[in-house]
Amino acid sequence: MDTILRLSHITKSFPGVKALSDIHLEIVRGEIHALLGENGAGKSTLMKILCGIHQPDAGTIEIDGTARHFTSYHDAVAAGVGIVFQEFSLIPHLDAVDNLFLGRELRTRWGVRDRARMRRAAAGIFARLGVSIDLDAPLRTLSVAQQQFVEIGKALSLDARILILDEPTATLTPAEAEHLFAIMRELKRQGVAMIFISHHLDEIFAVCDRITVLRDGQYVATTDVSSTDVEQLVRMMVGRRLESSFPPKPVRAADAPAVLEVDALQIERDGPVNRFALHAGEILGFAGLVGSGRTETALAVIGATRAHRKTVRVRGTPAKLADPADALRAGIGLLPESRKTEGLVTSFSIRDNISLNNLGKYRSMRWLIDRRGEARTTHDVMRRVGVKAPSIHTEVATLSGGNQQKVVIARWLNHHASVLIFDEPTRGIDVGAKAEIYGLMRELTARGYAIIMISSELPEIVGMCDRVAVFRQGRIEATLEGDEIDPDTVMTHATAGTRGATHEPA
């Protein structure tokens, strides 16, 4: 094998925790190599060592047989290592050309920025990728997929021979993900070695050649994709056989009261009119393609965005939800799609995040907070939702994706919200944590909570939801329940708009 990268005996500790112990990883030139493991398995730490962001306590890095010691990210880049982070490192108001050459602009013999030469070079890079990018448009005006391609182009412009792709499909549509896979296959043909990090096992089998699995900071195994299956990979990642990750659906009570009724919701003046109802103890799925209006509908209901007209009843009482504060007072909570930027203050502790929108509950005097009472409540809700952390004072930024999501849920339970809107609740979460989130959702509905679940994961919609409202172009095309909820039926309504069910509340 033509080995381009070899990591041997990599060990790394942080105060109070051993993040990596004797890790081995070998990458062959021109292969796509998956790095798998639950959140907290050590994948990010290992990649940060490869990129020079962290230095190992022990072990060696070899590129093309030569030992390397990276003391900075620039050292790694100079050695041919590039990374496309899950959170983009682009400047939104700059165009693609300026983002590609930021900090290393090409100049004329007189020291002036040579925009024309940089533009030609950028065009050549995107031609190599086979993508069409408006070179003069600010990045913020491009689609998420196009921004992803700019990130990849930026790494290639630095002559990356080893490319790390960290959850690159997390915010892409299926069609955009397929385009990305085509680009990866072309780069593979050109001899670029890629390390692909993803929680979507179907993507691993679609595009990767080999897989290395980490668990609890330790090396588990490396295997060819053709020699394994999903069940074996899951067992290697979690250390046990994972039964069906979806809890059994309970028998739906026919007389369950409607806790949220939305009538005549019209977001735009000339847009479609939608109606739906949510009952106590159920999970109502919002399914459809990206851009079909699922999230937009939820945000309009709680007043986070304007609606041309809407009528809402909460537990049978008319409610004027003009803004999220009104929704909060009505007992409606939102777990937003982007938990890190919209759902959490990641620099705050777990305690501060959980009590953030309910500080009045802990006021002991006019301006003082009862910290002991706050701590007791925080411990209680952390236990109820299963947050795993050293203490209530742990900074949320240090938690895994699954535990961060549980902190958001804990905040709403602390506020006694009984209607919860989960927008892409398992995005960026490993298989074990997904099963925990699913179990928690069923525990909540068993206690009478009502949940709207917005998800682009079709198996999630089918496996978790008691009823499903399928969206297409802003309209609820069908409301499915029981045996009607299957992948083919959902996708038929989402793509073809076949109206097999009513638009009225079920």
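Any Cβ shown, glycine's included, is placed from N, Cα and C.
The annotation domain 'ABC transporter 1' is assigned in Swiss-Prot to 5-241. Residues or ranges marked as ATP binding site by Swiss-Prot: Gly37, Glu38, Asn39, Gly40, Ala41, Gly42, Lys43, Ser44. Summarising the annotation, Swiss-Prot assigns domain 'ABC transporter 2' to 251-498 and lists sequence analysis as the type of evidence.
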Secondary structure at Ser44 (ATP binding site), reduced by DSSP to three states:
helix
Indicate the candidate from Gly40, Ser44 with the smallest number of other Cβ atoms within 10 Å of its Cβ, considering only these binding-site residues.
Ser44
Using a 10 Å radius around its CB, how many other CB atoms surround Ala41 (ATP binding site)?
25
Kindly state the mean pLDDT of the domain 'ABC transporter 1' (5-241) in the predicted structure.
89
Relative to the Cβ position of Lys43 (ATP binding site), how many further Cβ atoms are located within 10 Å?
22
Could you say whether, by DSSP, Gly37 (ATP binding site) belongs to a helix, a strand or a coil region?
coil
